[in-house]
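Features reported for this protein in TrEMBL:
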TRANSMEM  A:21-42  transmembrane segment
TRANSMEM  A:76-103  transmembrane segment
TRANSMEM  A:131-158  transmembrane segment
TRANSMEM  A:164-186  transmembrane segment
TRANSMEM  A:198-225  transmembrane segment
TRANSMEM  A:336-356  transmembrane segment
Amino acid sequence: MALDRLFNVARKEFSDHITSRRFIIILGLFLVISAIGMHSGIENYNTMLESYSLQLQHMQDLEGPYAGWMPEKPSIMLVFSSMMGYMTMLGGILAIAIGFDLVSKEKETRSLKSLLSHPVYRDEIINGKALGGVGALGFAMALALAIALAMLLLFSVVPTLDEFAAVLVFGAVSLGFLLAYFAIALMMSTVAKESGNALIYTLVIFFAVSSLLPMFGMMAANAFAGDPPEPPQMPRMPQEIVRTASSGGYFTTSVSQSVVYGGTEDPEWKAYEEEMKTYIEKRRLISDISSLLSPQSNYQTIAIAVTQPQIFSMMQSPYDTAPEETTGLAGALGKVWMNIAALIVFPSAFFAATYVKFMRMDIR
Amino acid sequence: MIRTENLTKVYNGKTAVDGLDLVVGEGEIFGFLGPNGAGKSTTILMLTGMIEPTGGRCFVDGIEVAKDPLNVKKIIGYLPEDVGFYGNMTGEQNLDYFARFYGMDARARKERIAELLELVHLDGVAQKAGEYSRGMKQRLGLAQALINDPKVLFLDEPTANLDPEGVREYRELVEHLAGEGKTIFVSSHILSEVRVVCRTVGLLAKGKLAAQGTLEEVARALAPADGDAVRIVVETREHLPAIDDPAVIDIERNGNRAVVRAKADIRDRLSATLFEQGLHVREMRLEEPEIEDVFMAAYRR
């Protein structure tokens with residue numbers, strides 16, 4: 001494979017994408033909606049920041065058991081969590097839109113035959129197409145992040161170095177998510193003879209992995225974990241702690257859960273708590289395994305770990321009363337390594353399948 | 001320049017090209033004839049390195065195509081049947097994209113593209129290729145096939161989408177290219193088109209080469225077997241009398257006209273006999289089968 005030929009294909013594909021009406025419209029819509037979301041996110045952030053400043057001032061007056069307690073400073077990453085929701089919907093559509101007819105259109109217009117008659121190998125063509133698509137999605141992501149950062153600066157919010165790193169990681173993870181759907185679309189474009197069919201196949205997979213799979217995961221978790229343990233029959237008023245974590249995603253509810261339990265020295269209650277803990281672990285294990293096959297679930301899990309580490313900690317250990325120590329960005333990413341691996345493996349598998357199919361494709 | 005040895009292609013158990021042995025010399029304009037589905041396009045796809053043969057080998061300028069398709073593509077040009085382009089790009093942009101694969105620098109590309117667009121009368125056309133008529137696409141197809149100034153040109157049904165003026169221009173272009181010493185391989189099912197431009201032909205039927213040579217040689221080879229008999233057409237002003245000649249096998253009479261089937265060419269003897277009898281001979285010639293009829297018969301076989 002020669003790089004000059006590969007880049008020739010990639011350059012042309014990239015240029016086609018970023019000048020296509022379809023790409024511009026969807027990207028424009030995505031950027032506008034993101035910007036509106038970002039705007040309200042920045043307002044919320046500023047409100048929280050004011051509240052934080054007030055709390056800090058009040059801290060000096062506090063005495064007794066709460067003396068020395070420090071409120072947590074809000075992070076600008078909260079602003080980016082709003083982008084996650086748009087990414088799973090419009091971002092996915094953008095990725096599908098640029099990939100579903102990459103090969104099928106060439107078959108329909110017979111330009112593939114013309115192209116292949118020139119000195120270029122098939123692998124250079126398919127890799128160039130993939131590279132051009134990745135470049136276009138990278139361009140879209142970079143544009144979205146640049147606008148987001150520009151808006152932050154416009155509102156006089158300057159991210160710290162750590163926050164900036166988190167923004168970049170968020171961008172990389174979002175790009176990984178987009179690549180998952182781009183890879184599906186490219187695969188279907190190679191398999192299908194017509195672009196219309198390629199689009200339908202891609203949408204079917206899109207909805208299957210984004211909605212059906214997590215749903216089946218929950219059903220499987222319920223079926224395999226059985227009924228939750230019954231609490232002991234004794235009248236009591238335990239100290240209830242209710243913790244809720246919500247992903248806010250469009251398509252999945254797999255990471256949403258509410259856990260209510262009591263804390264007591266009573267041995268029966270302690271046993272109940274242990275059973276409940278085991279039950280929840282079992283359910284989550286089954287649900288998590290099925291979620292690994294869903295780019296949406298993986299993306300949301302990673303994005304929450306990056307943008308909202310506290311909420312992510314609560315989701316990870318819903319029955320722990322003591323808040324987990326903040327471990328930083330690397331620590332947060334370390335906890336979701338399986339999701340990161342899944343988000344890499346998913347598009348890689350589809351790209352590999354596309355490659356094999358394209359290399360063997362009948363071009364009569 | 002082009003050589004195939006037992007070239008075979010099987011698609012899903014069906015043999016499209018069956019043990020093809022073909023030789024096309026340098027500078028020839030070779031017509032590859034055959035009905036639709038005979039395996040012409042499949043043969044071209046193998047010769048241009050776009051598909052691999054199931055069996056046998058093929059060579060272009062001494063390079064085995066399956067082993068080194070890229071180097072073969074550097075010296076050939078190919079105009080596919082129903083050629084397609086990128087509809088969002090102009091003709092010039094399409095050509096520029098293809099030209100980049102040959103490592104041509106920007107200046108060389110610009111000059112070559114301008115030259116080719118002028119050659120196919122598409123210079124000054126600012127439309128996107130998606131808005132081209134089929135004839136314009138065909139002409140742009142010719143230009144893209146010539147982008148690398150190839151030694152060998154493969155044209156698959158080149159006149160299929162052209163109007164009469166386009167056909168005339170195409171013929172002139174082929175003659176011009178042949179004059180430059182290029183080998184031209186024209187695949188077509190239209191005999192009348194091939195006989196105008198091609199010097200040698202090959203007839204493919206059901207994946208096999210039925211005959212190869214000049215048109216006359218092929219027609220002779222394909223003509224139905226009639227032993228060594230010749231057919232002489234005779235027409236006289238007067239009623240044709242009985243012909244008594246030991247070489248005559250039979251006579252089909254029709255008034256003043258007859259077709260004499262004889263063991264040898266007896267035209268000299270026959271004309272002398274008729275002259276002695278005071279008859280006025282209006283026509284006397286050997287009847288050769290029409291090439292079209294011969295090819296049609298071969299197509300049907």
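Placed from the backbone N, Cα and C atoms, the Cβ positions cover glycine too.
Curation does not apply to TrEMBL; its annotations are automatic.
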Within-chain partners of the transmembrane segment (A:76-103) [C-beta distance under 8 Å, separation at least 6 from its ends]: 13, 17, 20, 22-23, 26-27, 29-30, 33-34, 37-38, 40-42, 44-45, 48, 112, 126, 129, 133, 136-137, 140, 144, 148, 152, 157, 159, 163, 166-167, 170, 174, 177-186, 188-190, 195, 198-199, 202-203, 206, 210, 248-251, 296, 299-300, 303-304, 306-308, 358
Spatial neighbours of the transmembrane segment (A:21-42) far in sequence, C-beta under 8 Å, 6+ residues away: 78-83, 85-86, 90-91, 93-94, 97-98, 136, 140, 143-144, 147-148, 151-152, 155, 157
Same-chain residue ranges lying at least 6 outside the transmembrane segment (A:164-186) that approach it to Cβ under 8 Å: 75, 77, 80, 83-84, 87-88, 91-92, 94-100, 102-103, 129-130, 133-134, 137-138, 140-142, 144-145, 148-149, 198, 202, 205-206, 295-296, 298-299, 302-303, 306-307, 329, 333, 340, 343-344, 346-351, 354
